[in-house]
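Notes for the one structure printed next.
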């Protein structure tokens, strides 16, 4: 049963944010609907109900945390695997691609990271429009690419299977996981995304150790070592993909949102992220080779990536939790500046013990950057239904930084036969990127504001 009552409302102080003359009588028709207990309550249109549902984040509960756990499994197999490329770089330089320069080989990893981020420009909007079912084809394609890598022998084959197609599949698999977490969490989004991205740290610990051990086993060799990794991914992704479901109804508007690039906070955040991503992956790619050059055994050097990724687990969880309390941009600025300073110190660290300590500290700081950039991208859109698209487009922009960074530094190593220039270049761009976050804070309302 429905009834309609008419009320006279005097002096409604605002109307769509604009002041109204308090002396004017406003006649308002208020519809009421009878509830189960017989009381009359204001009637809500379907649009109002849907908007209320969109903005009502669970911020916890079994369903929400299972999505975060599923995203962690996806990040374990995608970003965690890519973080192990330092082991591949060292292996290729002494085996299948020994006739190629380090810069040539690093292009495989660079393309993989590039397409990881640029593939998100498709994976994110697809999730916004079609939900969790979009992750299954991408995940199966990704496992297929890993299996094909195990059969590669020539440079172009590695470039296609591991670098290009593998990178695209990785991005289209990873983006839905991160987007789903953003739909379920708001106040605790930093903690939830930190936990999810920490899955990549676990993968970054396990995959390098497993690959190094299996590569050294003559009974397995390269082919079966990589295939075993592929079967592990198949199992983990099979479980993870079943938990990733969209909370929100599909977004039926345009696939991309070009208007986002007219928003000053979004543009300034992309500039900051681009600069930091230009330099943050360099030690991850070159630290094992650097350590071997200064006398560390090849076996011990292969563990450096695992040490770095192990420390990044805490770097992705702890700053994410703190970001919910002290401000997400504040935390991104702090870790960006800290990481830039740390990269400058890299060139003065030459003993095996100090390199191991550097790997741990750098893992913590750099891991926080990756986690916080995605977190800040997710907080820009006013409508949560656009989170995947904003994140995907933002990752596409930062993809170009990940593409050109390692080859630039590989060329510096080849020309100067030293890592000093690499540390200088990477340190400058990461430090400037961290400081550029202050520009975003000014745009958002002030340096001291908790944003």
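From the backbone N, Cα and C atoms, a Cβ is placed for every residue, glycine too.
Computed from a predicted structure; not experimentally measured.
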*Would you mind telling me which of 387-405, 406-424 TrEMBL tags as transmembrane segment?*
387-405
*Count the CB pairs under 8 A between the transmembrane segment (134-151) and each of 157-178, 190-212, 300-322, 329-349, 355-380, then give me the winner.*
157-178
*asked:* When you look at the transmembrane segment (224-244) alongside the transmembrane segment (329-349), do they share 3+ Cβ pairs under 8 Å, ignoring any pair fewer than 6 residues apart in sequence?
replied: no
*asked:* Just to confirm my parser: what is the rounded mean pLDDT across the domain 'Major facilitator superfamily (MFS) profile' (66-445)?
replied: 87
*asked:* Ranking 105-127, 264-288, 355-380 by the number of C-beta pairs under 8 Å to the transmembrane segment (425-443), which range is first?
replied: 264-288
*Output the single range from 64-85, 157-178, 224-244, 264-288, 300-322 maximising the number of Cβ pairs under 8 Å to the transmembrane segment (105-127).*
157-178
*Cβ-based contact of the transmembrane segment (157-178) with the transmembrane segment (264-288), 3 or more pairs under 8 Å*: no
*the transmembrane segment (190-212): which same-chain residues, six or more beyond its ends, come within Cβ distance under 8 Å?*
64-65, 68, 71-81, 83-84, 86-88, 91, 177-178, 181-182, 184, 225-226, 228-229, 299, 302-303, 305-306, 308-310, 312-313, 315-324, 328, 331, 363, 367, 370-371, 374-375, 378
